[in-house]
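Copied over from TrEMBL:
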DISULFID  60-93  disulfide bond
DOMAIN    8-120  domain 'CFEM'
REGION    404-424  region 'Disordered'
SIGNAL    1-21  signal peptide
TRANSMEM  106-125  transmembrane segment
TRANSMEM  137-157  transmembrane segment
TRANSMEM  177-203  transmembrane segment
TRANSMEM  215-243  transmembrane segment
TRANSMEM  263-285  transmembrane segment
TRANSMEM  297-323  transmembrane segment
TRANSMEM  335-355  transmembrane segment
């Protein structure tokens, strides 16, 4: 109620010229003006410099007069009467009507189409190529299921009224806006939690280190608690719940928690979690068996998530206005806009690893797979193992050599196409060499970026053990 009464600070006294107007239309408008506002206007003009020259130009531009009348209206009128008086004075002074609802609606539609389309491409690629889905894939699908009704709330609920001055709306319009805004806040908190969980479960899938996994599982628990608590607060922040969208007029009884405190604490914790979650993969990047140029590419893929953090910080700044707002439908426009950008960009960021995998598959030169080229020399009756990976990290090749008869040092080099195998026997002066090549295909390139380290150590240990056994 107090925040709405603050609208009186901006109340213009331009309606007074209607008193001296002679045409019937202005007399009707004057009769529609609340009695409390008429009394304040007449008293204000009488004791101002405009008393001798009550023209619209004088009254509309007289800041001290506007302030005096604003205080009077705030103490004498109800909230609904105050809004009506403000709307009429703006109309009398020719103040332009502000409306950014269509811009917000168009922006949200474009973002939702792009984010949902990205998710569909991701899931289709996973089902066609890998023929399996992981926990993060199911979570991002749930995000899409929430994003669609959230967009419907924007299009049919908030967009028609957001980005407009609250006094330009009818009382029912204001109630409807706050009702849909209440629902969007619940969806927002749930989506922020799910986006973070998508990234965390992706990290759990690609980082095998037990220490890192313990950190990730701890972060998962914190994120779930964070999301559940704020969804609960969003639902039950007012008692009764309906007071959230009905209490603006000061005619309903009840109590609400500090909405600004809820919004600020949620944004601050979200930013801290984003920074923590960004630090985990970047810290692990140095241990990947990649060329430094490819490490930069993978690092940039993870750093795309910093854009979400930047958007969250911008949204946090918008919450400053939200906390001090006396014009909810206008001042909440940047909050809703940046919240929509944050959610949809976050959804797109969760799909970046899969999009990278698609690029690598269709454009192998863009790949960032692991690089192996260690060769092993063999002696009489010894076996060597050679492991390599393709340009895109899609497969690993191993060469097994079996020598029969007495021979000197034999070194072989083989190549193989992806998903192929060969078994040949070559006769040489020094003996018979049996050469067999295997190609192992990785369905999930993201996981192989990390787990190839373990394969390399395992392969080398096998080779060393084979050499020792044959000596």
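Each residue, glycine too, has its Cβ placed from N, Cα and C.
TrEMBL annotations: computationally assigned, not manually curated.
In this chain, the transmembrane segment (335-355) does not touch the transmembrane segment (215-243); fewer than three CB pairs sit within less than 8 A of each other, excluding pairs fewer than 6 residues apart.
Tallying C-beta pairs under 8 angstroms between the transmembrane segment (106-125) and each of 137-157, 177-203, 335-355 places 335-355 first. Outside the transmembrane segment (335-355) by six or more residues, the chain places 104, 107-108, 111-112, 114-116, 118-119, 121-122, 125-126, 136, 140, 143-144, 147, 150, 154, 158, 162, 181, 184, 188, 191-192, 195, 198-199, 202, 301, 304-305, 307-308, 311-312, 314-315, 318-319, 321-322, 446 with a CB less than 8 A from a CB of the stretch.
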